[in-house]
Amino acid sequence: MKIGILSQFPQLYSTQRLVEACQSRGHEAVVINTLNCYMNINSIKPSIHYEGTELVGFDAIIPRIHASVTFYGCAVVRQFEMMGVYAANDSISIARSRDKLRALQLLSRKGIGMPVTGFANKPNDIPDLINMVGGAPLVIKLLEGTQGIGVVLAETKTAAESVIEAFLGLKANILVQEYIKESNGSDIRCFVVGDKVIASMKRQGPEGDFRSNLHLGGCGEVVKITAVERKMAIAAVKAMGLVVAGVDILRSNRGPLILEVNSAPGIEGIEQTTGISVTEPIVEYIEKMVAARKTNRPIIA
């Protein structure tokens with residue numbers, strides 16, 4: 001097969017590991033900078049062009065769309081879909097997961113556990129919003145934030161009101177979320193492919209920081225997840241419609257809670273922490289799906 005890897009960063013560990021996984025299974029891997037693609041949208045033969053050349057002959061793509069280019073990245077993925085190319089994560093599912101509010105609403109609809117979350121537009125709703133999520137301390141998140149950036153822990157009601165007022169004054173969209181104190185600055189990252197959790201690790205934030213993102217200095221360790229956590233991670237990925245995803249889970253006194261579903265999860269941290277390859281299962285899943293599409297067989301993931 002000819003597999004395109006949509007990534008702005010060809011030298012990144014994640015990109016290189018995907019290339020290696022494709023090649024090790026006998027496939028041609030082509031790294032494509034998403035932002036260098038341009039499209040011919042017509043009713044006869046839609047096409048994608050890249051640095052002066054039409055991209056043809058692809059069986060599948062693996063989107064690694066950075067959050068900062070979600071709109072354009074989804075347009076490129078959608079164009080590949082229109083050309084009949086299989087996308088490991090389709091454009092609609094990527095867009096769903098990137099919209100934090102929509103993602104939480106989808107999880108809510110499926111009855112999947114998550115921290116109580118509030119969303120408002122007017123400053124005069126702030127006191128009720130704070131009470132709605134259980135009062136301070138609470139977490140305030142920018143909807144557009146990624147990798148722990150734009151996330152604030154407000155220790156008191158006064159601090160929460162000040163931060164929320166400041167964000168709303170800047171016309172920023174924010175979520176107000178209950179603080180799960182018992183998680184103690186840690187979460188569990190599950191790497192899911194299809195209907196399987198391939199690997200999982202516990203991420204612990206640095207001393208004094210409630211955010212556990214490895215990009216912010218957190219550290220990872222191997223963790224054994226429960227059957228409930230495994231089932232919940234897979235259900236969260238299915239709620240988004242994704243195939244490949246990282247699911248972040250908080251352990252709370254009332255059971256596991258989904259914090260986020262990431263459509264382009266980091267590969268380096270979880271592979272180096274667990275010693276488990278997560279890239280080969282991605283390619284194996286693509287092989288199965290492409291073969292099923294060619295023979296029109298029912299797809300059993």
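Quick reminder: no glycine exception, Cβ is built from N, Cα and C everywhere.
In Swiss-Prot this protein carries:
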BINDING   LYS141, GLU178, TYR179, ASP187, ARG211, SER212, ASN213  ATP binding site
BINDING   ASP248, GLU260  Mg(2+) 1 binding site
BINDING   ASP248, GLU260  Mn(2+) 1 binding site
BINDING   GLU260, ASN262  Mg(2+) 2 binding site
BINDING   GLU260, ASN262  Mn(2+) 2 binding site
DOMAIN    104-287  domain 'ATP-grasp'
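In this structure, TYR179 (ATP binding site) belongs to neither helix nor strand by DSSP; it is coil.
Cα of GLU178 (ATP binding site) to Cα of GLU260 (Mg(2+) 1 binding site): a span of 14 Å. Averaged over the domain 'ATP-grasp' (104-287), the predicted model has a pLDDT of 91. Comparing C-alpha positions, ASN262 (Mg(2+) 2 binding site) sits nearest to ASP248 among the binding-site residues LYS141, TYR179, ASP187, ASP248. In terms of Cα distance, the binding-site residues that sit within 10 Å of ASP248 (Mg(2+) 1 binding site) are ASP187, chosen from LYS141, TYR179, ASP187. Note: the CA-CA distance between ASP187 (ATP binding site) and GLU260 (Mg(2+) 1 binding site) rounds to 11 Å.
You'll find the Cα of LYS141 (ATP binding site) roughly 12 Å from the Cα of GLU260 (Mg(2+) 1 binding site).
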